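Annotated N,N,N-trimethylglycine per Swiss-Prot: 2, in sequence order. Residues or ranges marked as N6,N6-dimethyllysine by Swiss-Prot: 3, 316. The N6-methyllysine annotation in Swiss-Prot covers 3, 30, 316, 390. Positions annotated as region 'G1' by Swiss-Prot: 14-21. Per Swiss-Prot, the feature GTP binding site maps to 14-21, 91-95, 153-156; the stated evidence is similarity to another entry. According to Swiss-Prot, the feature N6,N6,N6-trimethyllysine maps to 79, an assignment based on similarity to another entry. Swiss-Prot lists 91-94 with the feature region 'G3'. Taken from Swiss-Prot, the feature region 'G4' applies to 153-156.
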């Protein structure tokens, strides 16, 4: 076996009718995690139902249906490989909680693939004023997804028209520029997700197509297919050199072992023997051991979902939403308030000071009050439009001071991105998203330091 391939997460965005499922299904089907047996089973069902042309979307529909019935499907089904990477498709959108998932970041996307329907009228619908496409692209950008690929789909329905492709490239370039991307760094690939043109193999139907190119720090990169474009994603910097931040997903009590917090390492490294602090609980203790998939680790790295055993801490002391960090290296703290840039997505009324919805930030789920609307800003440029507005409504962006209703631990987006973005939930939907600019931290009072931590500290 050669060196293991790098791992990247790709989020697929675009209007519901752009052919996202077919395109994603095609890649997963041809390069991916769906085993032959499952495919044969699906093909047989498709034929029996008269869907004999076996659209790739059928694969995705099946997976989605199973997922929505609460059958957890082996997540490998949402994976495919390129020569350089193992790619995970994050929660193919169209899914209710897409926005929430993208923000609370079960996994942060390294790149977004924007699928545009090339058919007449489709493209226009997708990026009209209220288009979903605009919202998703803006979200991706706001939440720190800085790489983008545009696939112009359904080229087969345009008679493989060069003029139509060029028109869409021009319009889409303007559109993504407004969102914040630089079109020169974005590959534009004409494809047919259904027929397979330019997906994995170069097409023969578009002799005019010379290939895509994008500018990178290292120079110009060129290619033909969508698979090559995904393969050319620049590898993400995994933040191992930052101080540890590990938001807890759960805390278990395991007989004979003790208390075992579980969560995903977002930044830094967790190792046995480390003295860690949990915020906002203010508990400090020693890490006895670190495990992943029931195997003990010398170190848990960013992206790893780990369980770790802590000494002399009861399950009552720490909980989901707490953040674990290194007590000697910028330990996490609770916050009294924080300032954030908030984009209102869909709220039926007006939001003014005093509004207290629930915030989902990393694994925390806590009501926070909009204590003060500091200024209304242009959501693209970030420039101030109005000082101390009385209210904001859907489509607006503002800088607001937020006060959590109970202790919580968050960070500025520029310091620790995964702990610096949040979704505002109300009426069972995501009404706004935000990025934290600054945090007013609270030094813990008489915090609990376990005997194990004191002993281990004295040894050092």
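Placement of Cβ uses the backbone N, Cα and C atoms for every residue, glycine included.
Taking the features listed in Swiss-Prot, we show where each one sits on the structure.
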| residue | record | contacts (Cβ under 8 Å, 6+ apart) |
| --- | --- | --- |
| 30 | N6-methyllysine | 80, 196, 199, 200 |
| 155 | GTP binding site | 118, 161, 165, 190, 191, 192, 197, 198, 205, 206 |
| 316 | N6,N6-dimethyllysine | none |
| 390 | N6-methyllysine | 352, 373 |
Other C-beta atoms that fall within 10 angstroms of the C-beta of residue 20 (GTP binding site): 25
Alpha-carbon spacing, residue 14 (GTP binding site) to residue 79 (N6,N6,N6-trimethyllysine), which is rounded to whole Å: 19
Helix, strand and coil totals (DSSP H, G, I; E, B; other) for the region 'G4' (153-156): 2 helix, 1 strand, 1 coil
Rounded to the nearest Å - Cα separation of residue 20 (GTP binding site) and residue 79 (N6,N6,N6-trimethyllysine): 15
In three-state DSSP terms, the structure that residue 30 (N6-methyllysine) belongs to: helix
Among 14, 79 [recorded positions], residue with fewest other Cβ within 10 Å: 79
Local backbone state of residue 20 (GTP binding site), from DSSP in three classes: helix
